[in-house]
Structures are given as C-alpha cells and as structure tokens.
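Comments concern the structure below.
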Amino acid sequence: MSYLVTIIAFIIVFGVLVTVHEYGHMFFAKRAGIMCPEFAIGMGPKIFSFRKNETLYTIRLLPVGGYVRMAGDGLEEPPVEPGMNVKIKLNEENEITHIILDDHHKFQQIEAIEVKKCDFKDDLFIEGITAYDNERHHFKIARKSFFVENGSLVQIAPRDRQFAHKKPWPKFLTLFAGPLFNFILALVLFIGLAYYQGTPTSTVEQVADKYPAQQAGLQKGDKIVQIGKYKISEFDDVDKALDKVKDNKTTVKFERDGKTKSVELTPKKTEKKLTKVSSETKYVLGFQPASEHTLFKPIVFGFKSFLIGSTYIFTAVVGMLASIFTGGFSFDMLNGPVGIYHNVDSVVKAGIISLIGYTALLSVNLGIMNLIPIPALDGGRILFVIYEAIFRKPVNKKAETTIIAIGAIFMVVIMILVTWNDIRRYFL
C-alpha cells in the first residue's frame with residue numbers, strides 16, 4: 001500500500017510541476033499570438049488526448065518531462081509542395097479549410113487538385129489543376145485551416161503565428177515564463193503552508209530533550225525577549241541572534257507569568273544538510289516555537305521561505321556547475337525521476353505538509369535548472385533571443401536547430417546516467 005501511495009504522490013507532484021511549467025510557456029505564447037499545436041505532459045506514446053480550439057492536449061506514458069509545441073519552433077516544412085496531388089475542402093467563400101493528404105478521412109464534397117504553386121506562410125494559397133475540369137485554379141487558404149493526414153488535424157500556421165518570426169521580447173517572455181510559473185507556484189505553496197500552519201513566534205511550544213533550552217529550564221509558554229545583547233520580537237530574531245552568538249555561553253531573557261527571568265546557556269551547534277552539495281551550520285536552543293494565525297504575516301513568512309529556499313538551491317546549482325571545472329563533480333549531486341521518487345517516498349511518510357513543502361522546493365529547483373544556459377533548456381534558448389536582441393538578427397535557423405539538437409542529446413545522455421546512478425544508489 002505504501003508503494004501505491006508513493007507512486008500516486010510522485011505522479012501528482014510530477015504532473016503539477018510540469019503542467020505549471022509548460023502552461024507558463026503556453027500562456028505567454030498565446031498572448032503573443034503564437035500558435036501552439038500541442039501541450040504535452042510526459043514523453044513517449046500518447047495515452048490520453050483531447051483538442052480545445054487549436055491545441056491538442058496530451059498525456060504521455062513516461063513521466064520524464066513535457067513540452068509545448070509551438071508553430072515555427074523548428075525546421076519543419078509544410079507537407080505539401082508543387083507536383084503533389086491532394087484533396088481540398090472549401091468553405092462558402094471558396095477558401096480552403098482542409099488539405100487532405102491521404103484517403104483516411106470522412107470528408108465529403110472535396111476536390112482533387114494537382115498542386116502547381118503554393119504558399120502556406122504569407123500569401124496563403126494553392127494554385128493547381130483540378131481533376132473535375134482539368135483547368136488551373138487559384139484558391140485562397142482560410143486563416144483557420146488544417147492539413148489532414150491519418151485522420152489527424154494539424155492547423156496551418158501563417159508566418160505571423162510562428163515563434164521564429166516574433167520579436168525578441170515576446171520570445172523572451174515565452175521562454176522565461178516556464179521557470180517563472182514554477183517560482184510563482186513555489187511562492188504560493190510556501191504562503192499557503194504559512195497560512196495553514198501559522199507563523200512561528202518567540203514563545204516556546206515544546207522543548208527538545210538534552211538540548212540547551214531544556215537543560216536551562218525553559219518551559220512551554222515562556223516568551224524569549226532577549227538573547228545576549230540582541231532584542232527578540234519574533235522568531236526570526238532568535239535565529240539571527242544565535243547566528244551571532246554562535247556556541248558561546250550567553251544570557252537568555254524570557255517572560256513567564258508576566259515576569260522577566262534570565263538563564264545562562266550555550267547554544268548547540270548543528271549541521272543541516274540542504275542538498276547533496278551544500279549544508280548549513282546552525283546554532284539552536286532546542287525548542288519548537290508556538291505559532292500564531294494572522295492575516296498578513298503568513299505572506300511575509302512565505303516570501304522569506306521562498307527566498308531562503310531559492311538562495312540555497314541557486315547556491316547548490318552554481319556549486320555543482322563549478323565542480324565540473326574544479327574536478328569535484330559527482331552524479332550524486334543530481335536527481336533524476338528515480339531519485340525524486342525515492343525522496344517522495346521519504347517525504348510522504350512525514351505527511352502531506354512535508355510533501356507540499358518538498359513540492360515547493362522542487363518547483364524552485366525545476367525553475368532554476370531550466371535557466372542553465374544549455375541549448376536544449378530554456379536558459380540556452382534565451383541566449384539565442386538575447387543574441388537576436390543585441391545584433392538585430394536571429395541566429396541562423398539551421399545552426400540554432402543543430403545546436404539545440406546537440407544539447408537535447410547531451411541532456412538525454414545525462415538523464416540516462418543520472419537515472420542509472422539513482423537506481424544503483426537506492427535499489428542495488
């Protein structure tokens with residue numbers, strides 16, 4: 001049963017993170033007028049799909065990513081060229097609405113035509129010889145029109161609906177929006193957790209065994225007001241004061257039953273592992289703070305949690321990249337789907353709150369990792385847009401596509417190595 005719970009939790013976490021990321025791309029793409037033929041969650045064979053307006057929404061078998069396919073985001077060419085024989089369906093204005101490439105269709109009242117000239121990007125027309133009168137005709141293509149092959153519809157994308165032909169700013173927004181939406185999701189989750197759990201105060205809720213707070217006699221309900229020379233008004237002040245006092249003997253003042261008392265104690269030094277490549281030294285008294293539920297403090301606390309988590313993850317990612325050049329790199333620094341599954345298994349056992357917190361951190365991590373300037377990632381593609389903005393011309397399309405393909409192969413190889421390393425670490 002625990003495996004089933006972990007699998008369900010993993011699928012939900014993965015689905016939420018990828019859906020939010022890809023929706024960010026699609027949201028800004030559509031705002032810029034870019035046609036998005038497909039929105040996919042997962043990779044590999046399609047297991048479910050539905051069409052809404054011009055976009056086909058699909059869920060695919062392998063939980064290793066997702067994508068938004070945008071018109072003009074590659075070297076794909078229209079499947080029709082002069083010399084081909086196709087069938088066309090016309091509307092009441094005598095405009096082409098469907099170009100049928102085979103006999104696997106259910107359309108009626110269609111015309112067969114041998115294509116002599118055609119343009120699917122700018123002038124939108126087909127000129128050719130029709131079978132019914134063996135005469136040459138010129139047909140305009142409707143703005144909303146489709147290629148039909150094997151029963152599937154692919155909407156024709158004029159040049160002004162293609163990603164490649166947009167200005168740098170909408171391109172940048174479209175590419176950056178994926179990571180941006182991951183950051184927004186993380187922030188919302190952190191704030192939501194703060195509202196649910198309340199924000200910590202400087203009042204003691206519970207003391208830990210064999211820690212300085214217990215040894216000094218602190219009790220539930222004691223409100224800490226000063227540590228050394230540092231005044232305390234909220235829980236963050238406790239952490240800040242202890243960072244300065246470190247593990248030196250100090251005086252702690254607290255209020256109990258309306259009276260101010262003081263004790264001397266020595267904070268305990270602890271090491272908290274944040275990621276595979278970074279840890280944090282903290283000095284603690286060893287007490288769990290009481291929480292309060294207010295209207296605005298959770299927003300501030302959520303922002304703080306987001307900034308702290310983002311800083312730690314950014315530092316870890318920079319450290320990992322630096323280790324590639326300094327010789328300290330290890331695949332243990334990375335987690336693939338198998339490693340994330342293992343982490344989810346551990347977090348699920350701690351409860352739904354821990355799972356939500358882990359999802360928030362994972363969302364930040366996904367956003368930051370996608371901004372690494374590797375051609376197949378959002379960060380690498382943003383570099384191409386920056387080049388276009390600076391030099392007032394886009395990177396050669398063939399060169400860009402080749403570089404992105406090399407980057408994609410590199411990422412696939414890395415993913416395979418990371419996955420094998422995760423399997424070896426956790427299951428062998």
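Cβ coordinates are placed from backbone N, Cα and C, and glycine is handled just like the others.
Since the structure is predicted, the reported quantities are computational estimates derived from the model, not experimental observations.
Transmembrane segment is the annotation Swiss-Prot gives to one range among 56-78, 309-331, and that range is 309-331. Across 309-331, 352-374, 401-420, stretch 352-374 shows the highest tally of CB pairs under 8 A with the transmembrane segment (172-194). Annotation note: His21 (Zn(2+) binding site) sits in a helical segment as assigned by DSSP. Taking all protein chains in view, 21 other C-beta atoms sit within 10 angstroms of the C-beta of Glu22 (active site). Residue counts for the domain 'PDZ' (186-269) by DSSP state, with H, G and I taken as helix and E and B as strand, are 27 helix, 32 strand, 25 coil. If you draw a 10 Å sphere around the CB of His21 (Zn(2+) binding site), it holds 26 other CB atoms from the protein chains shown.
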